Amino acid sequence: MRAGRRVAISAGSLAVLLGALDTYVVVTIMRDIMNSVGIPINQLHRITWIVTMYLLGYIAAMPLLGRASDRFGRKLMLQVSLAGFIIGSVVTALAGHFGDFHMLIAGRTIQGVASGALLPITLALGADLWSQRNRAGVLGGIGAAQELGSVLGPLYGIFIVWLLHDWRDVFWINVPLTAIAMVMIHFSLPSHDRSTEPERVDLVGGLLLALALGLAVIGLYNPNPDGKHVLPDYGAPLLVGALVAAVAFFGWERFARTRLIDPAGVHFRPFLSALGASVAAGAALMVTLVDVELFGQGVLQMDQAQAAGMLLWFLIALPIGAVTGGWIATRAGDRAVAFAGLLIAAYGYWLISHWPVDLLADRHNILGLFTVPAMHTDLVVAGLGLGLVIGPLSSATLRVVPSAQHGIASAAVVVARMTGMLIGVAALSAWGLYRFNQILAGLSAAIPPNASLLERAAAIGARYQQAFALMYGEIFTITAIVCVFGAVLGLLISGRKEHADEPEVQEQPTLAPQVEPL
């Protein structure tokens, strides 16, 4: 019945929203988490693992489990994924009670694997339950739930902590909400919903992709940054291994009979260009979500709530840019908006890269007529720029992929963005820590040798602030360059007149006999 499929897709969208929220929710509560698991403030780089391992699990699981649902059924895979999400949430919350950092990482990884399956399965479910001519709005709504999570996640985390006074409750709340989604799915979907001709799962391709990303992340992480080496001793061999795995992945996808994405009808130049631009946008997004708050705490000496409040300007501008970008793209085309949006974002990050230690007093003079706060203005510019490209990149990707593969193509855009987040935050964190120790060593040498103990302590504190400011300045400069590179790729995405080659196929029957397409 129509009511049943609406309940099912609502439950799937709720699950997608929860997974997206938990991708970003930790960004604004990192200080509380650090205190609970015993990470000192001078080891900020360790806490990034709660983000990177979630993203790694998410990216590794998405293509494999999405395809697995074709073989084993949407209902079964959704229920298994939701159960895994509950387990991961419980482990993460308990890690806070026990103060166990490794348990925390394990919980976040389980969460990532589970939530990575939710988006492609729910997209496929929408394609099953709605006929082709009516499914665009349904798939768009599911995608909107994913995007909404990226906007609300940081605010959701700080709100729950403000309301309940404990960061663990962010994860405990997942248990009843996910259980509700499981009950809705149980009663709204038939038990036997496997495809009559199930597709084979590209297990080799998925494992090669996960291996490449995992080796890259571990190779980039230096647990003991000393300002002399960017990478740990084992870093270079692991990065070489990641490169080999990546080459093997692309080689496999080129010649294998079963692939993550069927190349038939796909226009690969604009498709890969859109994914590349999504990687750049994802890297910039995650660097902002992580490093702006750390700048507030490490340089401006803000508390957690104040530092999270800095992000509010960026997070408000992001959806405004997304809505505006979608509206403009229908008139000017996706290519122009993607190019302009990433250039605007690059300009915003160039402004952010010049943030001084006394940022709160810094202002921009606008044509000599009036002044505006530099911090707020720069974050709004970056947020608007990144927001502008969300719709055009997704639209351009889907336009050059046959409609039968729109679900996996939508997931590919998310995978590309999260790959950018994962590799971007790992690589820039490694570079930042390397440069921080170099900068700090140079600044410390400027302390007069005859300074008193109090003067020396004050000078050291000021030097740490200055070193943090310079380090983040370099990180955001690189982020601006990444956005410029993404803008160039934006020029190569599909125009409005370029479309995929649609194969001649008949409309497939719906998932269950009792469901009638509109």
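Even glycines carry a Cβ here, placed using N, Cα and C.
Sequence annotations record features per position, and here Swiss-Prot assigns region 'Beta-hairpin' to 363-373 based on a curator's inference. Long-range neighbours of the region 'Beta-hairpin' (363-373) within the same chain, counting only residues 6 or more positions beyond its ends whose Cβ lies under 8 Å from a Cβ of the stretch, are absent.
What Swiss-Prot lists as site 'Protonation/deprotonation site' is D22. Secondary structure at D22 (site 'Protonation/deprotonation site'), taken from DSSP and collapsed to helix, strand or coil, is helix.
Residues or ranges marked as site 'Forms salt bridge with Arg-417, probably closes bottom of cavity' by Swiss-Prot: E147. Cβ contacts within 10 Å of E147 (site 'Forms salt bridge with Arg-417, probably closes bottom of cavity'), excluding its own Cβ and spanning all protein chains shown: 19. In this structure, E147 (site 'Forms salt bridge with Arg-417, probably closes bottom of cavity') is part of a helix by DSSP.
Marked as site 'Forms salt bridge with Arg-426, probably closes bottom of cavity' by Swiss-Prot: E147.
Listed in sequence order, the residues of the same chain lying 6 or more apart from R417 (site 'Forms salt bridge with Gln-157, probably closes bottom of cavity') and placing their CB within less than 8 Å of its CB are S278, V279, A281, G282, L285. DSSP classifies R417 (site 'Forms salt bridge with Gln-157, probably closes bottom of cavity') as helix under the three-state reduction. Residues annotated as site 'Forms salt bridge with Gln-157, probably closes bottom of cavity' in Swiss-Prot, with similarity to another entry given as evidence: R417.
Annotation comment: Swiss-Prot describes R417 as site 'Forms salt bridge with Gln-147, probably closes bottom of cavity'.
According to Swiss-Prot, the topological domain 'Cytoplasmic' annotation covers 1-6 (among others).
According to Swiss-Prot, the topological domain 'Periplasmic' annotation covers 28-45 (among others), on the basis of a curator's inference.
Residue counts for the topological domain 'Cytoplasmic' (67-75) under DSSP, helix first, then strand, then coil, are 8 helix, 0 strand, 1 coil. Marked as topological domain 'Cytoplasmic' by Swiss-Prot: 67-75 (among others).
Summarising the annotation, Swiss-Prot assigns topological domain 'Cytoplasmic' to 131-143 (among others).
Annotation source Swiss-Prot lists topological domain 'Periplasmic' at 165-169 (among others), citing a curator's inference. Same-chain residues lying 6 or more positions outside the topological domain 'Periplasmic' (165-169) and placing a CB less than 8 Å from one of its CB atoms are 29, 32-33, 36, 93, 96-97, 157.
According to Swiss-Prot, the feature topological domain 'Cytoplasmic' maps to 191-200 (among others).
What Swiss-Prot records for 251-269 (among others) is topological domain 'Cytoplasmic'.
Residues belonging to the topological domain 'Periplasmic' (291-307) score a mean pLDDT of 84 in the model. Marked as topological domain 'Periplasmic' by Swiss-Prot: 291-307 (among others).
Residues or ranges marked as topological domain 'Periplasmic' in Swiss-Prot (evidence: a curator's inference): 358-378 (among others).
Here Swiss-Prot flags 402-407 (among others) as topological domain 'Cytoplasmic', drawing on a curator's inference.
Reported as a whole number, the C-alpha separation between D22 (site 'Protonation/deprotonation site') and E147 (site 'Forms salt bridge with Arg-417, probably closes bottom of cavity') equals 12 Å. Tertiary neighbourhood of the transmembrane segment (379-401): same-chain residues 143, 147, 261, 265-267, 270-271, 274-275, 277-278, 281, 284-285, 288, 292, 310-311, 313-326, 328-329, 334-335, 337-338, 340-349, 351-352, 409-410, 412-413, 483, 486, 490, 493-494, 498-500, selected by CB-CB distance under 8 Å and a gap of 6+ residues from either end. Here the transmembrane segment (475-495) does not touch the transmembrane segment (170-190). Their Cβ atoms form fewer than 3 pairs under 8 Å, with each pair 6 or more residues apart. Sequence-remote contacts of a segment are chain residues at least 6 beyond its ends whose Cβ falls under 8 Å from one of its Cβ atoms, and for the transmembrane segment (170-190) they are 4-5, 7-8, 10-12, 14-15, 18, 22, 25, 29, 74-75, 78-79, 82-83, 85-86, 89-90, 92-93, 107, 125, 156-157, 160-161, 511-512, 514. Contact between the transmembrane segment (308-328) and the transmembrane segment (144-164) is supported by 3 or more Cβ pairs under 8 Å, counting only residues 6 or more apart in sequence.
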